[in-house]
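As recorded in Swiss-Prot:
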BINDING   K19, T178, D179, T220, G221, G222, M223, A224, T225, K226  ATP binding site
BINDING   S59, D146, N158  substrate binding site
DOMAIN    285-363  domain 'PUA'
Amino acid sequence: MTTNQQSVAASQPKTIVVKLGTSVLTGGTLALDRAHMVELARQCAELKKQGHSVVVVSSGAIAAGREHLGYPALPNAMASKQLLAAVGQSQLIQTWESLFALYGIKIGQMLLTRADLEDRERFLNARDTINALVDNGIIPVVNENDAVATSEIKVGDNDNLSALVGILCGADKLLLLTDQKGLYTADPRKDPNAELIKEVKVIDDTLRKIAGGSGTTLGTGGMATKLQAADIARRAGIEVIIAAGRGQNVIFDALSPAPQGTRFLPCEEALENRKRWILAGPAASGDIVIDQGAVKAVVEKGSSLLAKGVTKVLGEFSRGEVVRVTDAQGHLVARGIASYSNQDMAKIAGKHSKDIISILGYDYGSEVIHRDDMVVIQE
């Protein structure tokens, strides 16, 4: 047993989500690297043996489908990707099933779309299912349901999906294993002076600019999506590590007290369950632009958002839908559940709360978003 294995074994039992990207599972080739996959399964099995709960978020369905069909020439269209995903998902899960069986472990497949997370009841059902699997000693293997997901209902990438899965199962740690050692000060593939960032306490615009937007050609996630996932997870109280996913003992190395990667510390005050859903579940239906005074009240004082502070309403949304709250420059300030529709909010924007009933003929309270229904993003 390595030193890192011993340190993980000595730690308190934790729930750990391990996200494995396409580049990790293929090694940059066009086929699944089953020799490396068995090494990853071995480490997950060892974690489970040590008393930890493990959830795997696995990419690779499209790569597996392309391999199984003999690398056909297909048009670059959504239907082609869904075809490959439909064929490849069964191949991928069979591979994981056979590899985990070597260690006496059963797995359970969960295929999710954003629609499963946007509705609060379906969100809770997904949470109950994943927890039931874990409680019964079964390792959930989760992927986005690419065979049926359209752009409207896709989470978009397995980095963000893994953060949502972490919230579903109440994870302590999220490992984002990739083809890079972590987050660098610049792209290490282009800049030889790029330095690895060991620890992150706050995710700001500087970090987002560093992360950029591009990734590998085989997958859909680059470093930018990993940063988004880390931001979601850490706000839910989950520690996140971005680390290299190739080589021996990569999972134990990432979980060690001094991980070989970039560690994102969780926020000191983790969000309550309802606010975790607001942050992670629904896609925002519209934007509410607020003035600087309202920004200060929401961010620094934790106040509800009042109509007086609203300057502009963008998009269409109904009462009860999740919206984005931004400042005049377009920076995201918060996400929350709107107490009024976009039409009503446009009418009362900039008005005093006491005037709402005279303007609309009714009111749903003095707040356009109550603080209990709002997650502040700006730090």
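For all residues, glycine too, the Cβ spot is worked out from N, Cα and C.
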For the domain 'PUA' (285-363), the DSSP residue counts stand at 27 helix, 24 strand, 28 coil
When the binding-site residues N158, T225 are compared by other Cβ atoms within 10 Å, fewest goes to T225
Spacing of the two Cα atoms, N158 (substrate binding site) and D179 (ATP binding site), in whole angstrom, works out to 15
Out of the binding-site residues D146, D179, the residue with the smallest number of other Cβ atoms within 10 Å is D179
According to DSSP, K19 (ATP binding site) sits in strand
Largest C-alpha distance in Å for the substrate site residues S59, D146, N158, as a whole number, is 11
Within 10 A of the CB of K19 (ATP binding site), the number of other CB atoms across every chain shown is 30
Across the binding-site residues (S59, M223), the Cβ with the fewest other Cβ atoms inside 10 Å is that of M223
Mean per-residue pLDDT in the domain 'PUA' (285-363) works out to 96
Rounding to whole Å, the Cα atoms of T225 (ATP binding site) and S59 (substrate binding site) are apart by 14
